[in-house]
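The following features are taken from Swiss-Prot:
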type	residues	note
BINDING	G29, P30, K31, S32, S33, G34, K35, S36	ATP binding site
Amino acid sequence: MRFYNREKELNYLKNYVQLEPNSILFVYGPKSSGKSTVMMRVIKELENSNIVFFYYNLRKYATPTKDEFLSIFFEKSDKKYLLNKLEINLKIFKFGIEENFDFNNIKLNDVFAKINESINTVIKDGKRPVLVIDELQKLKNIYFNSGKSLLNELFNLFVSLTKMEHLCHVICLTSDTLFIDNVYRNSSLSEASEYYLIDWLKKDDIKKILKEEGFNKKEIDYCLNYLSLPYEISQLINNKKLGLSVEETIKRWINIEADGIKYLIDTSDLNEEEIYKVLSKFKDKIKINYKKDVKKEEMKYIKFLIENEILFYDVINGIIKPTSVKKWYAIKEILDK
């Protein structure tokens, strides 16, 4: 898929990884807003620099077990870090571990010791390590010896690597905003974390892209009311090549989204009337303010809609909105029926 205009986000992250590590960076945003694409572009554009990227994309895997976590993050080798052979187009690395290392009896402290060894070796080689984990929250149900939570202990390690020792940048990408909410309210991370939002595309950028792709003024004006995410533009371009009009494509999207939302509500054990009451907050506006517009008793319905990717919660700015503009129109459609 073409890399659409994300120069602001691209430059921010390129500059960020070249500063001294001082905090964990959480890059968050609505699903499909382009977080992973931007991060991979950063890695690609800096592949000839002295930065060594350890990039782990957990969205590629089913929710991993302890053993799978170890095989994802480590490669048996006589080197402390080595190129990931499975990634052909990106120069990214994995942590190295001895050939005879026994994964069956490994303790969490051993895991962290090996990560530290790899990072320190990168630094000794005159290079700068950056650890990137995409969809980090998928590790939240993994426990090691004595019931230790892998994710909680990883956060402690990340604080040590960044804020305390300034050895390595740690960047975590996620679209799970309830996970971000938990992190944001975690007192042990409050002074050691930063947050960066990659949100919907701006209308001016969408207009420019569509013009470059040969859409006429009428089509562009229509699209600007509905588009917000990069993949939507790609689908729209492909559908036009297949003979579908802009109106047909977008109406089809909204119908599919509306049917999906209705099915979700119809099959939920939650109070249907209360869910619709929450959705009605978006009948006349695309976003609401968490502090002003949400009551305590509404939170379980809000959470339900966030968990099912109907709504997006920007915890840092206190805003709740649909995950996309087309989702907003789907919400409005089911409210009108």
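Here the Cβ of each residue, glycine as well, is placed from N, Cα and C on the backbone.
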*What count of other C-beta atoms do you get within 10 angstroms of the C-beta of S32 (ATP binding site), across all chains shown?*
17
*Could you tally the C-beta atoms, other than its own, that fall within 10 angstroms of the C-beta of K31 (ATP binding site)?*
15
_Are there any residues at least 6 positions away along the chain from K35 (ATP binding site) with a Cβ closer than 8 Å to its Cβ? List them or say none._
V27, Y28, G29, D134, L173, T174, S175, I198
*Just how many other Cβ atoms lie inside 10 Å of the Cβ on S33 (ATP binding site)?*
25
_I want the residues beyond G29, P30, K31, S32, S33, G34, K35, S36 whose C-beta is within 8 angstroms of the mean position of the ATP site's C-beta atoms, in chain order._
S175, I198, L229
*Could you list the residues of the same chain, at least six apart in sequence, whose Cβ is under 8 A from the Cβ of S36 (ATP binding site)?*
N57, R59, D134, L173
